[in-house]
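Beneath this line is the structure, given in C-alpha cells, with notes to follow.
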Amino acid sequence: MLDHVLLLTYCLVSTVVRSQPSADVFRSFAGYIPEDHRVTHHEWQNSGKFQGDIDGVDPNLLKLPEGPVLFNALKNKQLTWEGGVIPYEMDTAFSPNEIKILEKAFDSYRRTTCIRFEKREGQTDYLNIVKGYGCYSQVGRTGGKQEISLGRGCFFHEIIVHELMHSVGFWHEHSRADRDDHIKINWDNILPGMKSQFDKISAVLQDLQGENYDYKSIMHYDSTAFSRNGRNTIETVENGFTQVIGTAMDLSPLDIVKINKLYSCKTKKKEKVKPATTEEPHQLIPQVVDKNSVDSGEKCVDHFADCPHFAQYCTRASFFFVMKSYCPFTCKHCPGDRKLKKSG
C-alpha cells in the first residue's frame, strides 16, 4: 500500500511547475517517506510474465541443458536489431509527459551506445509500445509486431530503460548461469508460486560476453523482489551490495559495455570499465555545497527548510527529480557543483 501511495505522490509532485514549488505538495510528499524506507518499483511483478516482465517465453525450454537458441538474443545474433536501429510505433493513449519520459529513455541509449530507437517507416520488425497491463517486454528481436507494455506505474525512467534493454537483447542479471557465485536466493522469503521467477537460464542459451556480474546493472532484481514477508529474497555475496541491487537509475557502465559488445558498436572511448562488483557501494549521505562555488548569477537555495532532513532521497530513483527541483542545494544540483562523491 505504501509503495502505491509513494508512486501516486511522486507522479503528482513531478508535474508541479518548477518555477513556483508548492509547499503543501512537498510536505505531502515528504510526509509519506519513512526514515528507513528504500523505495523500489514492483509494478513489473504484477504483469504475470516470466520473471515478472519478460513476454513470449516458455520457462521450461529455458531450463533445459540444451535447447533452441531462439529464445536468447545474446546467443543468437539473428535476434538482434539490424544496425542497432529499433523501429517503433507508440500507443496514442500516452500523454505528452509520458512521451517525454519515453524519449528520454531512448536518449540514454543514443548517448552511450549505437542503439537508435526510431519511428517506424514501414519496417516489418518493430516495437509496438502500448499502454497495457503492467510493464513487460520480449527479449531481442522476435519478429513482426513486437509488443512492449508500459502501463500504470511504469513511467519512471529506470523502468523504461530496463524494459528497453530486454528489447535490445538482454535477460535479467540475476538469471545468469553463474549467479550463485555472486548472489544468494532466500527461497523461504519468496511468494508462493513465484520461485520460478528466480530460475537461472542455461549457459547454453545465454552469452555472458566474458563480462563480470554487475550488481549495479539496470537489469538486476532488487533485494525484496517477489517477497512474501518484506524480507530479502536476494542477498549479495559481496558485502555492502544487497541494498545496491535493483536501485540503478540508468544504464550502468557495464550495461553499456555489454550492449556495445553485442552490437559491435564503435565506441569513442577506449577506457576499461572497472567491474561493478569491485567498487565500494555508494553511501546515501547528505551532500554539502559551497554556495560560493556556484557559477550562476542566481543563488542556489533549497525551497524548504526540511530538505536536509530528506537528503538521503537525493539519489533515490523514485524521488530524484522531485528532490532536484525542490532541494537543489541539499542535493548538490547547483551550477558548478562537483559530482557526488562516495564516503570513505
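Placement of Cβ uses the backbone N, Cα and C atoms for every residue, glycine included.
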Swiss-Prot annotation, disulfide partner of Cys331 among Cys307, Cys314: Cys314
Listed in Swiss-Prot for the Zn(2+) site shared with His162, His166, one of His172, His174: His172
Selected from Cys327, Cys334: Swiss-Prot disulphide partner of Cys307: Cys327
DSSP-derived structure type at Cys154 (disulfide bond), helix or strand or else coil: coil
Distance from His166 (Zn(2+) binding site) back to Cys331 (disulfide bond), taken between C-alpha atoms, in Å: 31
Packing count at Cys265 (disulfide bond) (other Cβ atoms within 10 Å of its Cβ): 16
Candidates His162, His166: member of the binding-site residues with the richest Cβ shell (10 Å): His162
Rounded Cα separation (Å) that holds between Cys114 (disulfide bond) and His166 (Zn(2+) binding site): 16
